[in-house]
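*Asks:* Pulled from TrEMBL, these are the listed features:
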type     : residues                                     : note
BINDING  : His83, Met85, Gly110, Glu131, Asp156, Asn188 : S-adenosyl-L-methionine binding site
COMPBIAS : 1-10                                         : compositional bias 'Polar residues'
DOMAIN   : 90-274                                       : domain 'Ribosomal RNA adenine methylase transferase N-terminal'
REGION   : 1-40                                         : region 'Disordered'
Amino acid sequence: MLSSSLSYLQTLPPIPNSATPNQRRSPLPPEHVSTDGVRPRTLRIACAGRGSKAARPATDDYYATLKALNSKGRFPRKSLGQHYMLNSEINDQLAGAAGVGEGDVVLEIGPGTGSLTNVLLNSGAFVLAVEKDKHMATLVSERFSSTGKLKVLTEDIVKCHVRSHILSLFESIVEMDPETKKAKVVANIPFNISTDVIKLLLPMGDIFSEVVLLLQDETALRLVESSLRTSEYRPINIFVNFYSDPEYKFKVPRTNFFPQPNVDAAVVSFKLKQPTEYPEVSSRKSFFSMVNSAFNEKRKMLRKSLQHICTSLEIEEALRSIGLLPTSRPEELTLDDFVKLHKLIVKE
């Protein structure tokens, strides 16, 4: 039986006997993940209580993550898409990709146990963290309560009034230069809300300079590298390039997460355009409505899928005038082509 100086914690995946608490671990050990559908063996993890001489982990690694989860009696929730980063070096690279430095204002989405939050605060940033899980919101608030540079909102990011919260934070930071007030977004977000988050944040070039997200690798590649005339070319590509200049930064193997997802991840940087840099369209709403209509019937020619806007003959003439075939399909048009077509066929 364990001594009374040890406190029992919730059941979580086992730690290999050969590892020591102070080791920095990057990937999650293979034995923690069941690849054949069989639930892995578990044991109770104990952490040092008062009077123990055991050292605390120096970084937010595997041990620190499990300890933090145990402290609130939490398990990763599939419904919230929770996968916790176990490699502190990835968090350093994520913050580095955004060039986070002293005095920056950073929006973090889903801070979890606070491993990325720790890196952002150590970089000298003011952090606004939005966490849907109230237990994790409490955990990260308590962990960094003494910094004076963290505000935690217990909200769903896709329903959150991001703009008003960021502007309020700007006003509270007296040392900020009013002429250069811009925030950054740095986040390891649940894969299942990536499209919603991108659609929410990319049009905010007036308050954010850059959005750096850790996404599913397949999604990252599709957003940044999808080519014309491929099945991966979609309306979201038009949206992303309308509002930003995206760049694929680096791949993050799935073994760096707990629990391990079924796919690898990647970091993507979106350099946001200023509103004055957006392509000139009479109405962004009608422009994206046209683009979505075009792709809703992707296999059809535009002269068919857009004939609710004007006649097929007018669409054919508009396509010819911008140097395209009258039989063109949506996957054959660039952002610039769609902008030109919108000017010709949509009458406000």
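Yeah, the Cβs are placed from backbone N, Cα and C, and that goes for glycine too.
Automatic, uncurated: that is what TrEMBL annotation is.
A quick note: this is a predicted structure, and the numbers were derived from the prediction, not measured.
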*Asks:* Counting Cβ atoms within 10 Å of each candidate's own Cβ, which of the binding-site residues Glu131, Asp156 comes out highest?
*Replies:* Glu131
*Asks:* At a 10 Å cut-off from the C-beta of Asn188 (S-adenosyl-L-methionine binding site), count the other C-beta atoms across all protein chains.
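*Replies:* For Asn188 (S-adenosyl-L-methionine binding site), the count of other Cβ atoms within 10 Å is 24.
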*Asks:* Measure from the Cβ of Gly110 (S-adenosyl-L-methionine binding site) and count the other Cβ atoms within 10 Å, all protein chains considered.
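*Replies:* The answer is 25 other Cβ atoms.
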